[in-house]
Each structure stands twice: as structure tokens, then as C-alpha cells.
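Q: Below is a structure I'd like to ask you about.
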Amino acid sequence: MRLRVAGAVLLAAAAYYVYLPLPSGVSEPWKLMLLDALFRSFMQASDAAHALGVCHRVHLLNRVVSWVEVVEARSCPAVNVTDTTLGGVPTRVFHPRGENKLRRGVIYFHGGGWALCSARMRSYDRLCRKMAEDLDAVIMSVDYRLAPEAVFPDQYHDALAASRAFLSAELLQQYGIDPQRVCVSGDSAGGNLAAAVAQELSSDDSLKVKFKAQALIYPVLQALDFYTPSYQQNQAVPILYRPYMARFWLQYLGADSSLEPLLLANNHSSLDQLAISATTRSKLNWTALLPAERKKNFKPVVKEKGSPGVVGEVPGLMDVRAAPLLAEKGVLGKTPKAYVMTCEFDVLRDDGLMYGGRLREAGVEVTSDHYEDGFHGCMVFANLPMMSSVGQRSVRNYIRWLDQNL
Ligand SMILES: *[C@@H]1O[C@H](CO)[C@@H](O)[C@H](O)[C@H]1NC(C)=O
Ligand SMILES: *[C@@H]1O[C@H](CO)[C@@H](O)[C@H](O)[C@H]1NC(C)=O
Ligand SMILES: *[C@@H]1O[C@H](CO)[C@@H](O)[C@H](O)[C@H]1NC(C)=O
């Protein structure tokens, strides 16, 4: 009897911990709740370790992730998988076997808030392997340096160096990649790097080979407005809670984590920050850039007075290499044909939607792929154990777009 009561109490406690009211319409809510409980417990454990001075929270998280998730480069009958370097940056290469012919090529940047995850994780290994197989293409998945050891512009420079090496005549020839059919891609923070690299290299007239396409999966593109409708709507939707994103940004930009409440109040982009011009503001003005069905009834939060000087202290906030949404129209117009995937239940939804809109306005051909039941990160949860249905659908459509456009 006592055992049964204890069991019931434990179960209730576990259910209380796992249960989270989710918005209706999100794909497979119970799976997301379980995933969230796992994430939250890791985050809380790493916060505790951080507070006690045991180690940096990111190190603990990465240790857990690599213990559970990192897999060796194992070739399979269809794909030769090797770990090498690309422009000096560690990279996992997926090279289809079979006849020697010219193939399409994709350089890929994984997500994880510029601080977490790796190209060697099972989920990214599976995604890139599948891309190599289904597209019969060479996929290069880059392990750029991570925060907190590396901060902006290190991640960006690694992504750029790897991309320049990828587009070099020697490398294309070595791997039999068709110079006319190369793409840059990435998800979340990796989508940020992919967009930034696409801007830089499309405007570089010294380059002979250019990207034919850019494929951005729920990318993060700006840090000046933490009150876009998607930040407001999804602030408490797992797994990327609104404060986590502010924390990732501060860490990436090498800024003090004590600025988090200030960012979350939009105090850093108040109207008295004279360094932010009206032109800059217009590039992320969602009241003008988003369609009515995404704006819903949300109101912009623009502070008259904030905390002056933050933009001066953290210059990365205004740096287009960190925040690709701030690019000029002329720069955007030179970038290649784009695929922008967004999820309804994602704080970053509007970053992607605004970017897609601005690219289109600049004359770029854009495919917007929006998932009404999608949540941030769903694409990397397409496989076991999560088997996310929206994740699987998004992988299929992403690969189909690449097949038809690369
Ligand atoms: C696989 O790649 C490695 C490294 O590039 C190469 O040495 C090896 O010959 C390749 N194997 C096959 C079967 O293509
Ligand atoms: C954003 O655009 C709206 C509508 O075009 C305009 O009324 C508003 O002043 C703009 N806000 C900023 C901060 O530029
Ligand atoms: C934001 O700025 C206002 C006005 O300067 C200030 O009163 C408030 O404390 C600031 N909030 C945060 C979180 O820094």
C-alpha cells in the first residue's frame, strides 16, 4: 500500500514536471512536452553547476550532448563519410560512392545558439547522410568554433573560411562538385551563419564560383527586437524559450549576461539610442514587413527611453555579419535564390518571415515554407527517439526543394 502511494506521488510529481500547457495546433504535443522536460532538466542541472562554479553551463550541456549524441564518421554502402578540415575548420564530409561524375554540393552549418551541438552529432550526421543519399550530392557539415571560448566574429569567420575553401577550384575538383550547383545551408544559429556567408560571398567580385542557392531553416537573424509577434506569441513554447535566445545572443556577441533583462525589455533598441537610425529600424519593422495573419493583435514594444549606450557597448547588435536582417537591399539583391523555412510555434518565426520578405523585395526568388504546426528545432527531431511528424515532413520538403532548385 505504502509503495503504491509512493508510486502515485512520484508519478504525479513527474506528470507535474512534464506537463506544460502548449498552444493548440502544435504537432504532437505530448512528444514536445517530454522533449521539453528533458531539455529543462538539463538546463536546470547546468544552471546549478554554473552557479556552484563547477563548470560553465555550456560545457556541461555539450558534455552531455557529446556523450549521448556524438557518433564517429562511419561510411555506409552508399556514402563515404570522413572527418577532415575545410579552410582549417573541422568538417564532416558525406561523399556518395559510385561512378565518378560531377555532383551537386551543399555546405551546412548546424544549429545550437552558436554554443551547442556539433556536425558529429547523430541528428546532424543523419540529416546530412540522408541529403547525400537522396540528392546524390556532396555534403560538408562544418564544426565551427563555439561560445563561450569563441565569440563573434569567430563563428562567422570559421563559416566564411570554410565556405571560401568549399568554393575553391581545388576543392570542387577534389570532390567532383559541379561549380554551377553549390548551396549554403544551415538551421537556427547555423541559418544565421549561412545567411551571413551568402551575403558576404555574393558581393565578393573576386570569387569565380558563386552559390546557386541558400537554404535557411528557422534562422535567427536579428537581436534588436525581442517583441516581434512570434517572440510574444511563443515566449513560453519549448524548446527555445524567449530568455534562452537573449542569453545565446549575449554569449555570441561576447557581452555580459547581466544585460539579459535589458534585452528582454527592448531597452537596447529604445528610440533614444541614436546609433540606431530610422533606416536600420525600418529593416526590422514588423508592422510593415509582416502579413496581417502573423501580426494578429500583437502590439510593437518600442521604448522611448531605455538604457543608453548598450549598442555602443555591444557593437555586434548592429553588425550585419551577426544580424543579417540588417543588410542593405543592394546586398540582399545579390544573394542567391532562397528557401526560408519557418515554424508557427517558434520565437524566430518572424526573423525568417521578415528576411524572406526583404529578399523578395530585393528581387531574389524566395520559397517560403511555413509549418503551421512546427516548433523550433523540429527538423533535428525527425529521427528516433522523437520521430517528430512535422520534423519528418520538413526534412522531406527541404530535400525536395534542394533537388528541384540546385
Ligand atoms: C573515402 O574517403 C577517403 C578519404 O577521402 C578515401 O581515402 C577513400 O578512398 C574513400 N573511399 C571510397 C570507397 O571512396
Ligand atoms: C513601422 O512602419 C509603420 C507602418 O509603415 C510606421 O507607421 C512606423 O512608424 C514604423 N516604425 C518604425 C519604428 O520605423
Ligand atoms: C529600461 O529603461 C527604463 C528607462 O531608462 C528603466 O527605467 C528600466 O529600469 C530599464 N529596464 C531594464 C530591465 O533595464
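Backbone N, Cα and C define each Cβ position, glycine as well.
Below are the features listed in TrEMBL for this protein:
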{"type": "ACT_SITE", "residues": "S188", "note": "active site"}
{"type": "ACT_SITE", "residues": "D346", "note": "active site"}
{"type": "ACT_SITE", "residues": "H376", "note": "active site"}
{"type": "DOMAIN", "residues": "106-272", "note": "domain 'Alpha/beta hydrolase fold-3'"}
{"type": "DOMAIN", "residues": "317-379", "note": "domain 'Alpha/beta hydrolase fold-3'"}
Q: Which whole-number value in Å describes the distance between the Cα atoms of S188 (active site) and H376 (active site)?
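A: Spelling it out, the Cα of S188 (active site) and the Cα of H376 (active site) are 8 Å apart.
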Q: Please compute the mean pLDDT of the model over the domain 'Alpha/beta hydrolase fold-3' (317-379).
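A: The predicted confidence over the domain 'Alpha/beta hydrolase fold-3' (317-379), as a mean pLDDT, is 98.
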Q: So among the active-site residues S188, D346, H376, who's got the most Cβ atoms within 10 Å?
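A: Buried the deepest by this measure is S188.
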Q: Quick check on the domain 'Alpha/beta hydrolase fold-3' (317-379): DSSP residue counts for helix, strand, coil, in that order please.
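A: When I sort the residues of the domain 'Alpha/beta hydrolase fold-3' (317-379) into the three classes, I find 26 helix, 19 strand, 18 coil.
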Q: Roughly how many Å lie between the Cα atoms of H376 (active site) and D346 (active site), rounded to a whole value?
A: 5
